[in-house]
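Q: I have a structure I would like to understand better, so I am pasting it below and will then ask my questions one at a time.
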Amino acid sequence: MAGGGGGGGAAPKQDDLTPHPVKDQLPGVSYCITSPPPWPEAILLGFQHYLVMLGTTVIIPTALVPQMGGNNEDKAVVIQTLLFVAGINTLLQSFFGTRLPAVIGGSYTFVLPTISIILAGRYANEPNPHTKFLRIMRGTQGALIVASALQIIVGFSGLWRNVARYLSPLSAAPLVALVGFGLYELGFPSVAKCVEIGLPELILLVIFAMYLPHTVHMLKSIFDRFAVLFTIPIVWLYAYLLTVGGAYRNAPPKTQFHCRTDRSGLIGGAPWIRVPYPFQWGAPTFDAGEAFAMMAASFVALVESTGAFIAVSRYASATPIPPSVLSRGIGWQGIGILLDGLFGTGNGSSVSVENAGLLALTRVGSRRVIQISAGFMIFFSILGKFGAVFASIPAPIFAALYCIFFAYAGSAGLGFLQFCNLNSFRTKFILGFSVFMGLSVPQYFNEYTSVAGYGPVHTHSRWFNDMINVLFSSKAFVAGFVAYLLDNTIHRHESSVRKDRGYHWWDKFRSYRTDTRSEEFYSLPFNLNKFFPSV
């Protein structure tokens, strides 16, 4: 800026002194929900979403199936089934649920009750590993089928709509933030399990997505939009060369498992062509205690998915999601968990947080792209060998992606603070306390469990223990619950408080009909709004 007379700088313009204006919709998004990119670009972006969701889809069965007694063939079939059902659930959610570009896939929330089922006494004396695997899988199926009823009832009855109407930007911020930031242990700690391939992936992704677009202007939209498709093959090839070059020949088994490209056992175990079908493991079995524990996980997944749906709506440049649409989406997610139980995925479903982060990286929030990715999920789940090739990408490469995508998802929560008064001590207390407790309480539960072998709640009733331990092991659930409770009980009727918490900003989105843009983003296809009206 040019200097003025008398040695003083020129007075700043008025615009420079004005804070950034509040935005109902996130600006800078290249393609929103209803504006799809050209078909070739949409197909590549859809394949990229498929690659990103593969990480969770592979990691969860890889951890659980051996504990159940399953072999590599069983693991490959479970991964295929999880992928197949994820494709169906993603299509159902994008057509009839929230209509947001959200991928519905496997969820870490359901791992804890599944491990509890694996350790149940009724399976301990089974000598045959394969028979044990089938019995445990049937028990998991029964628990998931019962647990799905919770989300179906809460969602389709409109009960969750009434809860969501009291959500303000202040109480949404900690919930959405910890949906992403709360998964930090799946980021760099997993990268470090094979740092020589995980770290290059992380560094390359940052360079391709953030630096190259501003250096090579002609290819700007290609580098930042397809950074994952550029970097994964480069690092995967590098990992393959290390493997065949004998870099891990004398390494410990754990290092070989994480670093080598030929240790997953998926390509050999996967059939060429196989269509997953309901009750493929046999008839489900039901146990009240296991069902209650899974219902607790279902409730936690419901809360976490609420935060993830809010993040997805932001990155798709949509208006804040109306409570009735959110409730409808939760109902369809319940149907997704029911399908998990019927097909036998060994795991429940929720909104994929990493794919929400990918929306932010690519700045493409198109519904069509996600529907194409669902097509890839179904296609590669049926063609087992081809799908297994991609599924054998070493886990530290996926962990490197998580470092960026979970961060993006978490920052969507911080974005809602623009609607709040951050100079209010009430705001500071609710925000700081809820985030702190959201990190601190689950840390206590996890530390206690790792030392004692069981959770802090340890009564004679195993199902009660599992329920409470599952609830308070979720960072997003604890943070969201504390923020929601405090925000709706501390002086909330005062007019200044209403403004401080940003409640007035979201007033017009509390009903589907009070904002004309709701029809554009959230209306059902095939004129179904006539029969299933949103309120």
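Including glycine, each Cβ sits where the backbone N, Cα and C put it.
Predicted automatically and left uncurated, TrEMBL annotations should be read as such.
Note that this is a predicted model, so its numbers are computed, not measured.
Pulled these from TrEMBL:
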- 47-65: transmembrane segment (TRANSMEM)
- 77-96: transmembrane segment (TRANSMEM)
- 102-121: transmembrane segment (TRANSMEM)
- 142-160: transmembrane segment (TRANSMEM)
- 194-214: transmembrane segment (TRANSMEM)
- 226-248: transmembrane segment (TRANSMEM)
- 369-391: transmembrane segment (TRANSMEM)
- 397-417: transmembrane segment (TRANSMEM)
- 429-446: transmembrane segment (TRANSMEM)
- 466-486: transmembrane segment (TRANSMEM)
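Tell me about the surroundings of these features in the structure.
A: Long-range neighbours of the transmembrane segment (102-121) within the same chain, counting only residues 6 or more positions beyond its ends whose Cβ lies under 8 Å from a Cβ of the stretch, are 49, 53, 56-57, 60, 63-64, 67-68, 82, 86, 89-90, 92-94, 136, 139-140, 143-144, 183, 186, 287, 290, 293-294, 296-298, 300-301, 304, 308-309, 312, 329, 333, 336, 345-352, 355-356, 370, 373-374, 462, 466, 469-470, 473-474.
Beyond its flanks by at least six residues, the transmembrane segment (142-160) meets 110, 113, 117, 284-287, 290-291, 293-295, 297-299, 301-302, 306, 323-324, 326-338, 340-342, 345, 348, 535 of its own chain at Cβ-Cβ distances under 8 Å.
Same-chain residues lying 6+ beyond the ends of the transmembrane segment (194-214) with a Cβ under 8 Å from its Cβ atoms: 220-221, 223-224, 227-228, 230-232, 234-235, 238-239, 242, 255, 258-259, 361, 394, 396-397, 399-401, 403-404.
Beyond the transmembrane segment (226-248), the same-chain residues lying 6 or more positions past its ends with a Cβ under 8 Å from any Cβ of the stretch are 44-45, 47-48, 51-52, 196-197, 200-201, 204-205, 208-209, 255-256, 259-262, 358, 361-362, 393-394, 397, 400-401.
Sequence-distant contacts of the transmembrane segment (397-417), counting only residues of its own chain at least 6 positions beyond either end whose CB sits under 8 Å from a CB of the stretch, comprise 26, 52, 54-56, 58-59, 169-170, 172-184, 186-191, 193, 197-199, 201-202, 205-206, 209, 228, 232, 235-236, 239, 307-308, 310-311, 314-315, 353-358, 360-361, 431, 502.
Within the chain, the transmembrane segment (466-486) has long-range Cβ neighbours (under 8 A, six or more residues past its boundaries) at 109, 112-113, 116, 166-167, 170-171, 173-175, 177-179, 181-182, 289, 292-293, 295-297, 299-300, 303-304, 306-307, 429-431, 433-435, 437-439, 441-442, 445-446, 449, 455-457.
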Q: Can you work out which residues elsewhere in the same chain, 6+ from the ends of the transmembrane segment (369-391), have a Cβ less than 8 Å from its Cβ atoms?
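A: Those are 31, 36-37, 42-43, 45-51, 53-54, 57-58, 76, 79-81, 83-84, 86-88, 90-91, 94-95, 101-103, 264, 266-267, 269-276, 355, in sequence order.
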